[in-house]
Amino acid sequence: MRALAYFKKGDIHFTNDIPRPEIQTDDEVIIDVSWCGICGSDLHEYLDGPIFMPKDGECHKLSNAALPLAMGHEMSGIVSKVGPKVTKVKVGDHVVVDAASSCADLHCWPHSKFYNSKPCDACQRGSENLCTHAGFVGLGVISGGFAEQVVVSQHHIIPVPKEIPLDVAALVEPLSVTWHAVKISGFKKGSSALVLGAGPIGLCTILVLKGMGASKIVVSEIAERRIEMAKKLGVEVFNPSKHGHKSIEILRGLTKSHDGFDYSYDCSGIQVTFETSLKALTFKGTATNIAVWGPKPVPFQPMDVTLQEKVMTGSIGYVVEDFEEVVRAIHNGDIAMEDCKQLITGKQRIEDGWEKGFQELMDHKESNVKILLTPNNHGEMK
(Lines of atoms letter the chains of each structure in order from A and count residues from 1; the text may use other names and numbers.)
(Lines give C-alpha, C1' and ligand atoms only; values in the text may rest on other atoms or scores of the structure.)
Protein backbone atom coordinates (compact mmCIF):
# COMPACT_ATOMS: atom_id res chain seq x y z
CA MET A 1 0.00 0.00 0.00
CA ARG A 2 0.99 3.66 -0.28
CA ALA A 3 2.88 5.06 2.70
CA LEU A 4 5.45 7.56 3.91
CA ALA A 5 7.94 5.22 5.53
CA TYR A 6 11.12 5.09 7.58
CA PHE A 7 13.70 2.99 5.73
CA LYS A 8 16.84 3.63 7.76
CA LYS A 9 18.68 6.41 9.59
CA GLY A 10 18.25 9.59 7.56
CA ASP A 11 15.96 7.98 4.98
CA ILE A 12 12.21 8.70 5.02
CA HIS A 13 10.39 8.60 1.70
CA PHE A 14 7.14 7.69 -0.04
CA THR A 15 6.65 4.12 -1.22
CA ASN A 16 3.95 1.92 -2.73
CA ASP A 17 5.33 -1.23 -1.15
CA ILE A 18 4.37 -1.30 2.54
CA PRO A 19 2.33 -4.50 3.19
CA ARG A 20 -1.38 -3.90 3.69
CA PRO A 21 -2.37 -4.77 7.30
CA GLU A 22 -4.40 -7.86 8.10
CA ILE A 23 -6.46 -8.85 11.12
CA GLN A 24 -4.48 -11.49 13.02
CA THR A 25 -6.30 -11.58 16.36
CA ASP A 26 -10.04 -11.53 17.02
CA ASP A 27 -10.02 -8.11 18.72
CA GLU A 28 -8.25 -6.16 15.98
CA VAL A 29 -9.65 -3.37 13.81
CA ILE A 30 -8.48 -2.11 10.40
CA ILE A 31 -8.84 1.62 9.87
CA ASP A 32 -8.81 3.61 6.64
CA VAL A 33 -6.63 6.54 7.70
CA SER A 34 -8.10 10.00 7.09
CA TRP A 35 -5.52 12.33 8.64
CA CYS A 36 -2.30 11.91 10.60
CA GLY A 37 -0.25 14.72 12.12
CA ILE A 38 3.53 15.03 11.96
CA CYS A 39 4.88 15.06 15.51
CA GLY A 40 8.15 16.36 16.91
CA SER A 41 8.97 12.72 17.70
CA ASP A 42 8.79 11.94 13.98
CA LEU A 43 11.25 14.75 13.26
CA HIS A 44 13.61 13.52 16.01
CA GLU A 45 13.44 10.03 14.55
CA TYR A 46 14.78 11.42 11.28
CA LEU A 47 17.30 13.85 12.75
CA ASP A 48 18.63 11.80 15.67
CA GLY A 49 17.31 8.27 15.19
CA PRO A 50 16.70 5.53 15.22
CA ILE A 51 15.24 6.22 18.66
CA PHE A 52 12.04 4.16 18.77
CA MET A 53 12.42 2.59 15.33
CA PRO A 54 14.42 -0.65 15.04
CA LYS A 55 17.92 -0.30 13.66
CA ASP A 56 18.53 -1.24 10.05
CA GLY A 57 18.74 -5.03 9.85
CA GLU A 58 17.15 -5.55 13.28
CA CYS A 59 13.58 -6.20 14.47
CA HIS A 60 11.47 -4.36 17.02
CA LYS A 61 11.73 -6.02 20.45
CA LEU A 62 7.94 -6.16 20.91
CA SER A 63 6.46 -6.98 17.54
CA ASN A 64 9.42 -8.38 15.60
CA ALA A 65 8.60 -5.81 12.89
CA ALA A 66 11.44 -4.80 10.58
CA LEU A 67 12.08 -1.74 8.41
CA PRO A 68 10.71 -0.18 6.30
CA LEU A 69 7.70 0.88 8.40
CA ALA A 70 5.10 3.59 7.83
CA MET A 71 5.45 6.41 10.34
CA GLY A 72 2.70 8.46 12.00
CA HIS A 73 0.88 8.10 15.33
CA GLU A 74 -1.49 11.12 15.54
CA MET A 75 -4.25 9.63 13.44
CA SER A 76 -7.96 9.68 12.73
CA GLY A 77 -9.89 7.50 10.32
CA ILE A 78 -12.87 5.34 9.43
CA VAL A 79 -13.30 1.72 10.48
CA SER A 80 -12.89 -0.55 7.45
CA LYS A 81 -12.94 -4.06 8.97
CA VAL A 82 -13.36 -5.59 12.43
CA GLY A 83 -12.34 -8.88 14.00
CA PRO A 84 -15.03 -11.34 15.20
CA LYS A 85 -14.72 -10.32 18.87
CA VAL A 86 -14.78 -6.56 18.33
CA THR A 87 -17.71 -4.90 20.12
CA LYS A 88 -16.45 -1.34 20.61
CA VAL A 89 -16.87 -0.11 17.02
CA LYS A 90 -18.39 -1.15 13.69
CA VAL A 91 -17.51 -0.62 10.04
CA GLY A 92 -18.04 3.03 9.07
CA ASP A 93 -17.42 4.49 12.54
CA HIS A 94 -15.15 7.52 12.84
CA VAL A 95 -12.31 6.86 15.28
CA VAL A 96 -8.99 7.99 16.68
CA VAL A 97 -6.18 5.74 17.87
CA ASP A 98 -4.27 5.56 21.13
CA ALA A 99 -0.97 4.65 19.49
CA ALA A 100 0.85 3.50 22.63
CA SER A 101 1.58 -0.22 22.87
CA SER A 102 1.87 -2.03 26.19
CA CYS A 103 1.58 -5.44 27.84
CA ALA A 104 -2.08 -5.46 26.77
CA ASP A 105 -0.92 -5.88 23.16
CA LEU A 106 1.57 -8.71 23.55
CA HIS A 107 -1.04 -11.26 22.45
CA CYS A 108 -0.97 -9.65 18.99
CA TRP A 109 2.62 -10.70 18.29
CA PRO A 110 3.15 -14.46 18.71
CA HIS A 111 6.73 -14.18 17.44
CA SER A 112 7.72 -11.76 20.21
CA LYS A 113 9.83 -13.08 23.07
CA PHE A 114 7.32 -11.36 25.39
CA TYR A 115 4.30 -13.11 23.83
CA ASN A 116 1.56 -13.65 26.45
CA SER A 117 3.97 -12.81 29.28
CA LYS A 118 2.65 -11.54 32.62
CA PRO A 119 1.73 -7.81 32.58
CA CYS A 120 4.32 -5.54 34.15
CA ASP A 121 3.60 -3.76 37.44
CA ALA A 122 2.71 -0.47 35.73
CA CYS A 123 0.12 -2.13 33.49
CA GLN A 124 -1.35 -4.05 36.42
CA ARG A 125 -1.88 -0.69 38.15
CA GLY A 126 -3.53 0.87 35.09
CA SER A 127 -0.55 3.04 34.10
CA GLU A 128 -0.02 1.58 30.64
CA ASN A 129 1.84 4.72 29.58
CA LEU A 130 4.61 3.64 31.98
CA CYS A 131 4.73 0.07 30.66
CA THR A 132 8.05 -1.77 30.75
CA HIS A 133 7.43 -2.78 27.12
CA ALA A 134 6.09 0.60 25.94
CA GLY A 135 6.25 1.38 22.24
CA PHE A 136 4.24 3.23 19.59
CA VAL A 137 2.34 2.35 16.45
CA GLY A 138 4.05 4.36 13.72
CA LEU A 139 7.28 4.55 15.68
CA GLY A 140 8.58 1.04 15.22
CA VAL A 141 6.07 -1.38 16.73
CA ILE A 142 4.04 -1.65 13.52
CA SER A 143 3.32 0.63 10.58
CA GLY A 144 1.33 3.74 11.47
CA GLY A 145 -0.90 6.47 10.11
CA PHE A 146 1.18 7.81 7.22
CA ALA A 147 -0.34 4.99 5.18
CA GLU A 148 -3.63 3.95 3.62
CA GLN A 149 -4.56 1.66 6.51
CA VAL A 150 -3.51 0.70 10.01
CA VAL A 151 -4.47 -2.23 12.25
CA VAL A 152 -4.78 -1.99 16.06
CA SER A 153 -6.52 -3.78 18.90
CA GLN A 154 -9.97 -2.42 19.80
CA HIS A 155 -8.53 -1.49 23.20
CA HIS A 156 -6.77 1.38 21.42
CA ILE A 157 -9.76 2.58 19.40
CA ILE A 158 -11.75 5.61 20.55
CA PRO A 159 -15.02 6.37 18.70
CA VAL A 160 -15.46 9.97 17.58
CA PRO A 161 -18.87 11.62 17.02
CA LYS A 162 -19.33 12.54 13.37
CA GLU A 163 -19.93 16.16 14.42
CA ILE A 164 -16.15 16.37 14.99
CA PRO A 165 -14.37 16.70 11.61
CA LEU A 166 -11.70 14.08 11.07
CA ASP A 167 -8.97 16.69 10.61
CA VAL A 168 -9.77 18.08 14.07
CA ALA A 169 -9.94 14.50 15.38
CA ALA A 170 -6.30 14.01 14.35
CA LEU A 171 -5.42 16.54 17.08
CA VAL A 172 -6.90 14.34 19.81
CA GLU A 173 -3.58 12.50 20.27
CA PRO A 174 -1.40 15.58 21.05
CA LEU A 175 -4.25 17.03 23.10
CA SER A 176 -4.32 13.77 25.09
CA VAL A 177 -0.63 14.22 25.92
CA THR A 178 -1.36 17.56 27.54
CA TRP A 179 -4.70 16.48 29.01
CA HIS A 180 -2.82 13.71 30.82
CA ALA A 181 -0.20 16.19 32.05
CA VAL A 182 -2.77 18.64 33.40
CA LYS A 183 -4.55 15.78 35.18
CA ILE A 184 -1.25 14.53 36.62
CA SER A 185 -0.62 17.99 38.05
CA GLY A 186 -3.87 17.82 40.02
CA PHE A 187 -5.18 20.97 38.35
CA LYS A 188 -8.27 22.49 39.96
CA LYS A 189 -10.86 24.57 38.13
CA GLY A 190 -10.42 28.30 38.76
CA SER A 191 -6.65 28.06 39.28
CA SER A 192 -3.98 30.09 37.50
CA ALA A 193 -1.47 28.50 35.13
CA LEU A 194 1.81 29.39 33.44
CA VAL A 195 2.73 27.64 30.18
CA LEU A 196 6.40 27.83 29.20
CA GLY A 197 6.69 27.62 25.42
CA ALA A 198 4.08 28.03 22.68
CA GLY A 199 5.11 25.24 20.35
CA PRO A 200 2.62 22.48 19.45
CA ILE A 201 2.54 20.96 22.95
CA GLY A 202 2.41 24.37 24.64
CA LEU A 203 -0.54 25.42 22.47
CA CYS A 204 -2.31 22.12 23.19
CA THR A 205 -1.72 22.75 26.90
CA ILE A 206 -3.46 26.11 26.52
CA LEU A 207 -6.54 24.46 24.98
CA VAL A 208 -6.69 21.88 27.75
CA LEU A 209 -6.33 24.49 30.50
CA LYS A 210 -9.09 26.56 28.92
CA GLY A 211 -11.23 23.43 28.73
CA MET A 212 -10.60 22.63 32.39
CA GLY A 213 -11.60 26.10 33.55
CA ALA A 214 -8.37 27.93 34.35
CA SER A 215 -9.04 31.41 35.72
CA LYS A 216 -5.87 32.84 34.20
CA ILE A 217 -3.40 31.46 31.65
CA VAL A 218 -0.13 33.17 30.81
CA VAL A 219 2.21 31.83 28.12
CA SER A 220 5.92 32.63 28.22
CA GLU A 221 7.39 32.70 24.69
CA ILE A 222 10.04 34.68 22.78
CA ALA A 223 9.34 33.73 19.13
CA GLU A 224 7.07 36.32 17.50
CA ARG A 225 5.16 33.88 15.28
CA ARG A 226 4.37 31.64 18.24
CA ILE A 227 3.38 34.66 20.32
CA GLU A 228 0.83 35.51 17.61
CA MET A 229 -0.53 31.95 17.66
CA ALA A 230 -0.95 31.99 21.44
CA LYS A 231 -2.75 35.34 21.31
CA LYS A 232 -5.21 33.92 18.78
CA LEU A 233 -6.17 31.37 21.43
CA GLY A 234 -7.15 34.21 23.76
CA VAL A 235 -4.46 34.00 26.42
CA GLU A 236 -2.01 36.52 27.83
CA VAL A 237 1.53 36.28 26.46
CA PHE A 238 4.74 37.26 28.25
CA ASN A 239 8.03 37.72 26.38
CA PRO A 240 10.88 37.17 28.87
CA SER A 241 13.50 38.44 26.42
CA LYS A 242 12.17 41.96 27.00
CA HIS A 243 12.53 41.85 30.79
CA GLY A 244 15.85 40.12 31.51
CA HIS A 245 16.55 39.20 35.14
CA LYS A 246 13.23 40.72 36.27
CA SER A 247 11.18 38.20 34.27
CA ILE A 248 10.27 35.89 37.16
CA GLU A 249 9.31 38.79 39.43
CA ILE A 250 7.10 40.27 36.72
CA LEU A 251 5.54 36.90 35.92
CA ARG A 252 4.63 36.31 39.55
CA GLY A 253 2.99 39.72 39.62
CA LEU A 254 0.68 38.89 36.72
CA THR A 255 -1.49 36.70 38.95
CA LYS A 256 -4.43 37.90 41.04
CA SER A 257 -2.47 37.34 44.25
CA HIS A 258 0.68 38.95 42.75
CA ASP A 259 2.50 36.03 44.36
CA GLY A 260 2.86 33.50 41.55
CA PHE A 261 0.92 30.81 39.71
CA ASP A 262 -0.86 27.78 41.11
CA TYR A 263 0.45 25.55 38.30
CA SER A 264 3.20 25.69 35.68
CA TYR A 265 3.83 23.49 32.64
CA ASP A 266 7.27 23.36 31.02
CA CYS A 267 6.80 22.63 27.32
CA SER A 268 10.26 23.86 26.27
CA GLY A 269 12.79 21.83 28.23
CA ILE A 270 15.71 24.22 28.74
CA GLN A 271 17.38 25.35 31.94
CA VAL A 272 15.73 28.77 32.08
CA THR A 273 12.22 27.33 31.66
CA PHE A 274 12.93 24.67 34.29
CA GLU A 275 13.96 27.37 36.77
CA THR A 276 11.03 29.59 35.86
CA SER A 277 8.55 26.74 36.22
CA LEU A 278 9.49 26.50 39.91
CA LYS A 279 10.28 30.09 40.83
CA ALA A 280 7.15 31.58 39.22
CA LEU A 281 4.90 29.41 41.41
CA THR A 282 3.06 30.52 44.52
CA PHE A 283 3.41 28.50 47.75
CA LYS A 284 2.24 24.88 47.40
CA GLY A 285 2.21 25.35 43.62
CA THR A 286 2.85 22.47 41.23
CA ALA A 287 5.35 22.47 38.35
CA THR A 288 4.86 19.78 35.70
CA ASN A 289 7.46 18.93 33.08
CA ILE A 290 5.97 17.87 29.73
CA ALA A 291 9.06 18.60 27.63
CA VAL A 292 11.35 15.83 26.44
CA TRP A 293 14.89 16.63 27.58
CA GLY A 294 18.24 15.52 26.27
CA PRO A 295 20.68 13.62 28.52
CA LYS A 296 22.38 16.76 29.93
CA PRO A 297 21.63 17.50 33.63
CA VAL A 298 20.52 20.96 34.80
CA PRO A 299 21.30 22.71 38.10
CA PHE A 300 18.57 22.35 40.71
CA GLN A 301 18.25 24.04 44.10
CA PRO A 302 16.04 21.81 46.29
CA MET A 303 15.19 24.69 48.62
CA ASP A 304 13.29 26.34 45.73
CA VAL A 305 10.78 23.56 46.36
CA THR A 306 11.18 22.91 50.07
CA LEU A 307 10.74 26.39 51.53
CA GLN A 308 7.24 26.84 50.09
CA GLU A 309 6.22 23.19 49.86
CA LYS A 310 6.06 23.25 46.08
CA VAL A 311 5.67 20.09 44.01
CA MET A 312 7.76 19.13 40.97
CA THR A 313 6.45 16.32 38.78
CA GLY A 314 6.49 15.08 35.22
CA SER A 315 4.12 13.55 32.71
CA ILE A 316 4.68 11.17 29.80
CA GLY A 317 2.25 10.02 27.15
CA TYR A 318 -1.36 9.12 27.90
CA VAL A 319 -3.85 6.35 28.57
CA VAL A 320 -7.06 5.51 26.72
CA GLU A 321 -9.18 7.44 29.21
CA ASP A 322 -7.38 10.65 28.26
CA PHE A 323 -8.48 10.18 24.64
CA GLU A 324 -12.07 9.54 25.68
CA GLU A 325 -12.11 12.66 27.85
CA VAL A 326 -10.57 14.85 25.13
CA VAL A 327 -13.12 13.65 22.58
CA ARG A 328 -15.93 14.50 25.03
CA ALA A 329 -14.39 17.90 25.76
CA ILE A 330 -14.28 18.78 22.05
CA HIS A 331 -17.78 17.42 21.45
CA ASN A 332 -19.35 19.37 24.31
CA GLY A 333 -17.44 22.57 23.53
CA ASP A 334 -15.11 22.71 26.53
CA ILE A 335 -12.28 22.59 23.99
CA ALA A 336 -13.42 24.85 21.17
CA MET A 337 -13.45 23.34 17.69
CA GLU A 338 -12.32 26.67 16.20
CA ASP A 339 -9.35 26.78 18.58
CA CYS A 340 -8.37 23.30 17.41
CA LYS A 341 -8.53 24.36 13.77
CA GLN A 342 -6.09 27.20 14.53
CA LEU A 343 -3.42 24.56 15.24
CA ILE A 344 -3.65 23.04 11.75
CA THR A 345 -1.17 24.99 9.63
CA GLY A 346 -0.95 22.65 6.66
CA LYS A 347 -2.53 19.65 4.92
CA GLN A 348 -0.71 17.45 2.41
CA ARG A 349 -1.02 14.08 0.70
CA ILE A 350 1.33 11.38 1.98
CA GLU A 351 2.98 11.39 -1.46
CA ASP A 352 4.18 14.94 -0.68
CA GLY A 353 4.72 14.29 3.02
CA TRP A 354 8.49 14.47 2.98
CA GLU A 355 8.98 17.69 1.00
CA LYS A 356 5.84 19.59 2.08
CA GLY A 357 5.55 18.07 5.54
CA PHE A 358 8.82 17.06 7.19
CA GLN A 359 11.05 19.53 5.35
CA GLU A 360 8.54 22.35 5.80
CA LEU A 361 8.50 21.76 9.56
CA MET A 362 12.28 21.56 9.79
CA ASP A 363 12.80 24.68 7.64
CA HIS A 364 9.97 26.78 9.10
CA LYS A 365 9.50 25.43 12.61
CA GLU A 366 8.22 28.62 14.21
CA SER A 367 5.56 29.35 11.57
CA ASN A 368 3.96 25.89 11.80
CA VAL A 369 2.09 24.05 14.50
CA LYS A 370 0.60 20.90 13.02
CA ILE A 371 0.87 19.67 9.44
CA LEU A 372 -1.54 16.83 8.67
CA LEU A 373 -0.94 14.16 6.03
CA THR A 374 -3.60 12.08 4.29
CA PRO A 375 -3.65 9.05 1.98
CA ASN A 376 -6.85 10.64 0.59
CA ASN A 377 -8.83 7.43 1.02
CA HIS A 378 -12.15 9.29 1.13
CA GLY A 379 -11.41 12.48 -0.81
CA GLU A 380 -10.06 14.38 2.20
CA MET A 381 -8.07 16.74 -0.08
CA LYS A 382 -11.11 17.98 -2.03
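Every residue, even glycine, has its Cβ placed from backbone N, Cα and C.
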Annotation match for phosphoserine in Swiss-Prot, from Ser63, Ser220, Ser268, Ser277: Ser63
Per Swiss-Prot, member of His73, His94, His133 binding Zn(2+) 1 alongside Cys39, Glu173: His73
Candidate from Cys59, Cys131 that Swiss-Prot assigns to the same Zn(2+) 2 site as Cys103, Cys120, Cys123: Cys131
Secondary structure of Cys131 (Zn(2+) 2 binding site) (DSSP, helix/strand/coil): coil
Per-residue Cβ crowding (10 Å cut-off), top of recorded positions Ser63, His73, Cys123, Cys131: His73
Among Cys39, Cys103, Cys120 [binding-site residues], residue with fewest other Cβ within 10 Å: Cys120
Environment of Cys103, Cys120, Cys123, Cys131, the listed Zn(2+) 2 site - residues of the same chain whose CB lies within 8 A of the CB centroid: Ser102, Ala104, Pro119, Asp121, Ala122, Gln124, Glu128, Leu130, Thr132, His133, Ala134
